[in-house]
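Shown next, in structure tokens, is the structure this report addresses.
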2 protein chains.
Amino acid sequence: MTRYDLALIGFGGVNRALAELIAERGDVLEAELGFALRVVAITDLRAGSLVRTDGGGIDLAGLLAVAPGELDFSGWEGGSPEPRNEWVIREVPADIIAEATFTDPTDGEPALSHVRWAVEAGKHVCTTNKGPVALHGQALKDLARRHGVCFESEGTVMSGTPVLRTARRMFGGLSVHGFEGIMNGTSNYVLGRLESGLSFAEAVAEAQALGYAEADPTADIEGHDVQLKVVILANEVLGADLRRVDVPCTGLSALTADDVRRAAAEGLRWKLVGSATRRPDGTVDARVAPVALPAEHPLAGIAGPGNAIAFHTHPLGTVTVGGPGAGRIETAYALLSDVIAIHEHTAAGAVPGAGNAILAKAHRV
Amino acid sequence: MTRYDLALIGFGGVNRALAELIAERGDVLEAELGFALRVVAITDLRAGSLVRTDGGGIDLAGLLAVAPGELDFSGWEGGSPEPRNEWVIREVPADIIAEATFTDPTDGEPALSHVRWAVEAGKHVCTTNKGPVALHGQALKDLARRHGVCFESEGTVMSGTPVLRTARRMFGGLSVHGFEGIMNGTSNYVLGRLESGLSFAEAVAEAQALGYAEADPTADIEGHDVQLKVVILANEVLGADLRRVDVPCTGLSALTADDVRRAAAEGLRWKLVGSATRRPDGTVDARVAPVALPAEHPLAGIAGPGNAIAFHTHPLGTVTVGGPGAGRIETAYALLSDVIAIHEHTAAGAVPGAGNAILAKAHRV
């Protein structure tokens with residue numbers, strides 16, 4: 001049985017949910033996937049750091065019995081009140097760094113540094129942080145290739161719904177010439193409630209009450225969240241080299257509730273669409289904007305907080321993948337799917353593009 | 001460069017479209033996928049058989065210049081007026097048999113025999129025929145495993161839209177506990193036109209005029225086509241062991257146009273849904289029936305001849321994959337995606353479950 005040792009950087013909702021997945025489903029995962037997972041380190045801004053590389057690693061059941069806000073590793077064996085991120089990432093003998101810190105999407109920090117440290121230390125990395133991938137995705141992939149490790153980031157777009165990996169692995173032999181997506185559940189929920197007759201303020205308040213919208217919903221409502229995802233998808237799927245400034249962004253405030261209801265009466269549905277298309281000259285045209293979609297459009301029926309991306313391919317046509325776009329368990333599953341992808345690369349003896357460097361990053365136990 | 005030699009069994013719409021894909025996109029495929037394809041044999045009930053294992057194999061451009069109805073291999077070098085299916089499959093040194101004959105879905109023949117002959121001869125097989133997979137899928141998979149070859153059949157459900165392979169490869173670590181799908185474009189188109197005010201007869205006639213429905217639309221309209229797909233999906237994705245008789249099937253004739261319009265006025269959309277759910281005792285409950293879906297259901301917005309399958313997973317939730325469900329190029333792409341899957345298995349040196357038997361079924365050129 002192969003085993004991977006994980007270090008969880010950031011222990012907010014997502015990595016805590018990953019720990020829950022491993023604790024509750026570890027046996028099923030071993031039986032089904034053929035590898036075991038052991039968490040050997042956790043760091044967190046508030047709780048500090050915890051390192052246990054002996055025996056079964058960190059006792060996840062014991063850890064998860066403590067309420068999130070009350071975790072304080074300083075009194076624990078192997079614990080410290082300091083997060084010690086750099087030391088843990090560089091020095092603790094983990095195979096995979098699961099990066100899920102609170103990160104500023106505009107400069108990508110601290111996740112960007114975490115990813116670099118991990119790769120430089122020869123460790124595989126998976127992250128759910130959009131910032132580093134949107135800002136420096138290609139550079140980080142190149143760095144990972146040079147170091148013979150994997151850099152995975154499925155959770156940056158539509159949480160655990162496998163859109164990046166589907167586009168990468170399921171469209172072999174096809175040309176993907178563009179995509180359109182509903183990639184933000186908050187704004188889609190608000191649009192649906194406007195159709196139902198609520199005012200903009202009422203719809204946003206309801207989304208907040210249901211936990212779909214944050215206290216400051218600007219990034220969701222004005223499309224900035226989608227803008228980052230468009231950059232990530234266009235660079236990954238269309239081979240573009242876009243930065244955020246290359247993606248014009250219009251949010252929902254450009255619409256009135258009347259616009260939405262009038263369109264609905266005509267069979268049209270306003271959606272906040274992030275899209276990109278490869279132009280004949282090979283460059284990529286990308287944008288975020290509200291669009292009034294006809295009923296037969298594959299994204300018109302995406303309801304509530306749902307997300308979906310329609311990939312336009314030749315010669316197959318349009319393939320749409322829909323599913324959850326957020327949620328702590330759903331996003332933690334993205335990290336698990338990244339670990340599975342790392343296992344597949346490692347088991348095949350090669351990281352794609354790494355000159356088939358044989359990897360010895362897993363333990364036989 | 002690795003090269004695979006293909007024998008195309010049946011040269012109707014689908015395998016002819018595969019030949020077009022190879023002829024038109026072969027260079028792109030080589031550059032992108034890292035392998036070349038050479039067609040060394042074609043058999044067809046009307047045209048006979050053609051075998052060319054020298055040089056570049058069969059001259060596809062020359063072949064495709066002849067109109068479909070006028071192909072007659074008897075005068076060609078390497079040609080014969082007889083289809084000679086068994087001899088070609090067993091004796092011609094091809095690596096992969098692409099099986100796309102006109103096959104009776106109730107007994108699976110002649111495709112069933114073609115698949116068996118190929119596997120027994122140590123050749124990989126891909127097929128778009130539902131019959132053999134729905135009737136004997138597990139037995140054929142077991143046979144292929146014993147012979148160390150791959151048996152692929154993505155095109156049996158939703159043509160080239162990657163649903164079987166997505167369920168198999170993208171849901172690692174998840175429990176799939178059921179699915180619901182719109183898996184027949186003809187019936188979905190007809191339902192949409194009933195909503196628009198057409199009578200049943202008018203809607204069917206329109207579908208026939210547009211090429212969505214066959215002269216005898218019974219298999220599409222009454223759910224028999226979907227029934228086979230439910231068997232294939234349930235056995236593949238839920239590990240069931242269903243036969244066709246285990247899937248109760250109610251078709252569209254159970255509905256009236258008034259039912260459809262009355263529901264639409266209430267925000268409900270009738271869809272012909274094929275579904276399966278794993279019961280607590282591990283058995284699988286499957287059926288085909290018209291269902292009135294609420295607007296927020298992930299399948300409610302699937303319009304026109306579109307197809308989609310919603311997979312219900314734990315803990316990720318529902319993931320829906322939509323795309324074309326038919327079409328000759330779309331179905332031919334399914335065969336190409338099967339070839340890509342065979343290449344990935346072969347390149348990894350193993351067929352899953354084949355005891356890691358090393359395969360030597362590709363040519364280095």
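Heads up, residue numbers simply count up from 1 along the chain you see.
For all residues, glycine too, the Cβ spot is worked out from N, Cα and C.
Curation does not apply to TrEMBL; its annotations are automatic.
Taken residue by residue with DSSP, A:T106 (NADPH binding site) is part of neither helix nor strand, so it is coil. Per TrEMBL, NADPH binding site is recorded for A:T106, A:K130.
The annotation domain 'Homoserine dehydrogenase catalytic' is assigned in TrEMBL to A:162-340.
DSSP assigns A:E214 (L-homoserine binding site) to coil in the three-state reduction, outside any helix or strand. Neighbours of A:E214 (L-homoserine binding site), defined as other CB atoms within 10 A of its CB across all chains, total 12. According to TrEMBL, the feature L-homoserine binding site maps to A:E214.
The feature active site, proton donor is assigned by TrEMBL to A:K229. All protein chains considered, the CB of A:K229 (active site, proton donor) has 25 other CB atoms within 10 Å.
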Of the binding-site residues listed as A:T106, A:K130, A:E214, the one whose CA lies nearest the CA of A:K229 (active site, proton donor): A:K130
Secondary-structure category, per DSSP, in which A:K229 (active site, proton donor) falls: helix
Tertiary neighbours of A:T106 (NADPH binding site) (same chain, Cβ under 8 Å, six or more apart): A:G131
Assigned conformation of A:K130 (NADPH binding site) - DSSP reduced to three states: helix
Those residues of the chain, 6+ apart, with a Cβ under 8 Å from that of A:K130 (NADPH binding site): A:P105, A:T156, A:V157, A:D225, A:L228, A:K229, A:I232
